[in-house]
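Chemist: Take a look at what TrEMBL says about it:
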type	residues	note
TRANSMEM	50-71	transmembrane segment
TRANSMEM	92-111	transmembrane segment
DOMAIN	109-398	domain 'FAE'
ACT_SITE	Cys253	active site
ACT_SITE	His332	active site
DOMAIN	415-495	domain 'Beta-ketoacyl-[acyl-carrier-protein] synthase III C-terminal'
ACT_SITE	His416	active site
ACT_SITE	His420	active site
ACT_SITE	His449	active site
ACT_SITE	Asn453	active site
Amino acid sequence: MEAGGNAPASSTSTAATSGSATVGVQIKQSRRVLPDFLQSVNLKYVKLGYHYLISHLFTLFIVPVMIIILIEASQMNPHDIHQLWLHLQYNLVSVIICSAVLVFGSTVYIMSRPRPVYLVEYSCYRAPDKLKAPFERFMEHSRLTGDFHESSLEFQRKILERSGLGNETYVPEAMHFIPPRPSMQAAREEAEQVMFGALDNLFANTSIKVKDIGILVVNCSLFNPTPSLSAMIVNKYKLRGNIRSFNLGGMGCSAGVIAVDLAKDMLQVHRNTYAVVVSMENITQNWYFGNTKSMLIPNCLFRVGGAAVLLSNKSVDRRRAKYRLVHVVRTHRGSDDKAFHCVYQEQDDAGKTGVSLSKDLMAIAGGALKTNITTLGPLVLPISEQLLFFATLVLKKLFKKNIKPYIPDFKLAFDHFCIHAGGRAVIDELEKNLQLLPEHVEASRMTLHRFGNTSSSSIWYELAYTEAKGRIRRGQRIWQIAFGSGFKCNSAVWQALRHVKPSRNSPWEDCIDRYPVKVVS
């Protein structure tokens, strides 16, 4: 897809270059005193200049007004100031009313404005090396189970080769046995290893007292035991009795953003407290042992992983926090039957349970993305991009011409992109449709290569990658975008509060120097 997408651009660029060279020769021969304008002006800088002008239009307008006011004030003599004071004395009632309205309005604004939500720290779980599943071992174990037909084994091999996954991803311990041992107890043990591993590191890095945690949100789609996963955490760390705990199930790979949104809403209600969000998936009891090809794909893509995030609404935490939550935008296409069934857990003809992925998945994801960014765009895009988009839309409506829709440049709104590492095709499509550069999707591709699809936690591994590379600077914006069953597309926008350094025991700590690697297509 990358090759196909780049070829036309290359051809256009070549044609434009040769055309400009021809024009340049004609100008040089007729009037040597004129510069070759087509070659000396780079349109990229024209666009940047336009963007700067529109974005700072209000500032450019208000500054001259303020200068004029200051000049007029500087020319006032003591007599003028005395006359102004007398005027205010005789209009004491008006002054009192205006002051009261100002104080009342300020109070209402301060009390009703949303409380800022800070991301103090987060931690991603990294499984022990003994759980690594290189391609050859994966295929050998799949063959030895005796559950898969030869055609199913070949299908899985092809999926693995094209998946974008590397040889260091992890599968749960139960899958390393022959035959596999996918029991309830093994599933609980996987959940405990992931959740407690991420939380232990989070608490060690922040030195937070667990009794200070007032809100707990856990999301896991396919494993929802009784007592719940959130109850397991409360029991393990002896969290306080009045904690507001939530357990989100069945919400797919985008549930991490949903969990953050729920925690954000709770932090608006409950003052001066912490919220912990735990995002994970459980593979042990959800491995598919049948031969329906659409249900075999998750076996090849999903791997062990999870993340724990500490959020705060305390103003004192701004100093040590890494990011501030700016926006959360959620899109749900569940009212459409095709969207609802495109990621669907069911039994095959042999009665074996698995998650089926529809052939329409990419098209449905594209529609959900379009709806999501249509809502997100006005919140984050500079006014220059919004005007260009609106002007193109108006021209198309008025003149009924086949005008190509203007695709806003989201690179002007965000500095870093954390696209859910659902698979190579997902990353390819977003790179193409949003006109991103390879460096913008590097974190997603490398996360997929090193850790596989860790479901709702993948966006945190990607953020950790960007931090490990030392690329996040104060004031920069990060866009996390994820897709999930239902069908949902959810976005979270964060702003860095400082130059962010990688956390201790980062999942990339001992391997970041090996990345990026070239992923074989």
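Using the three backbone atoms N, Cα and C, a Cβ is placed for every residue, glycine included.
All annotation found in TrEMBL is predicted automatically rather than curated by experts.
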Chemist: Going along the chain, which residues six or more apart from His416 (active site) have their CB under 8 A from its CB?
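Modeler: Expected: His440, Ala443, Leu463, Thr466, Arg471, Ile472, Gln476, Arg477, Ile478, Trp479.
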Chemist: Whole-number Å only: compute the distance from the Cα of His449 (active site) to the Cα of Cys253 (active site).
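Modeler: The Cα atom of His449 (active site) is 17 Å away from the Cα atom of Cys253 (active site).
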Chemist: How does the domain 'Beta-ketoacyl-[acyl-carrier-protein] synthase III C-terminal' (415-495) divide up by DSSP, counting helix, then strand, then coil residues?
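Modeler: Split into helix, strand and coil, the domain 'Beta-ketoacyl-[acyl-carrier-protein] synthase III C-terminal' (415-495) gives 37 helix, 21 strand, 23 coil.
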Chemist: Sort the active-site residues Cys253, His420, Asn453 by C-alpha distance from His332 (active site) and give me just the closest.
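Modeler: Result for His332 (active site): the nearest of the active-site residues is Cys253.
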Chemist: What is the number of other Cβ atoms found within 10 Å of the Cβ of Asn453 (active site)?
Modeler: 25
Chemist: Pop the Cα-Cα gap between His420 (active site) and Asn453 (active site) into the table, whole Å please.
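Modeler: It is 8 Å, counting Cα to Cα.
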